[in-house]
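Quick look at what TrEMBL lists:
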- 45-190: domain 'Tyrosine-protein phosphatase' (DOMAIN)
- 112-169: domain 'Tyrosine specific protein phosphatases' (DOMAIN)
- Cys135: active site, phosphocysteine intermediate (ACT_SITE)
Amino acid sequence: MATRNYLWTSDTRRSIKPEIDYSSPGLAVMEIERLLFTGRVINSHADEVWPRLYIGDYDSAENRSELTVRGFSHIVNCAHSTRRGGPDFYKGMNITYMGIEAHDSPAYDMSVNFNKAANFIHKALNGRGKVLVHCHVGVSRSATVVLAYLMLKHNMTLVDAITTVKEGRGIIPNRGFLRQLIDLQIQLYGKHSH
């Protein structure tokens, strides 16, 4: 019988945690998707997924009064374009803006933004800021950036990052982004990590 790619073990932080064999990227993507599909549904336009770190949609980023009430100090727009939003939209609001012109396409290389976005988020949170990372729907591009942040700055595995984020918001990065996160997992922890 072939080695199983998906095992369940107990974890002190969470009741159960899957172990994924990253040596087979195609199977790893399917197993990560299975983990994602057991997540929470989206309950609001923006949800806290880590202390002072939120994932949201375009509506959350364009509601100036709600941004002020919630006290956001930093915004990462993972769907930046010249047509909507942008730094000019936030003038006078004391919000620091970062735009990533990313396409929600499996062929788009989101990984080129991982370090820059992670550094921006980390600096904001270390300065006691409150960060909204958003895209159009708030489940793929923005989620991918937040998962990479947790992996790069908090030494989480991909599974731990997904489990952490899913506690606050349902997410479904596209398959291309999942492959890039798996590549980051392998780069950080090797092919036989958990």
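Keep in mind that glycine also has a Cβ here, set from the backbone N, Cα and C atoms.
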For this session: Enumerate same-chain residues with a sequence separation of six or more from the residue listed as 'active site, phosphocysteine intermediate' and a Cβ-Cβ distance below 8 A; give 'none' if the list is empty.
Result: Asp57, Tyr58, Asn77, Cys78, Ala79, Ala102, Asp104, Arg141, Ser142
Seminar exercise, completed: Taking DSSP H, G, I as helix and E, B as strand, the domain 'Tyrosine specific protein phosphatases' (112-169) contains 37 helix, 4 strand, 17 coil
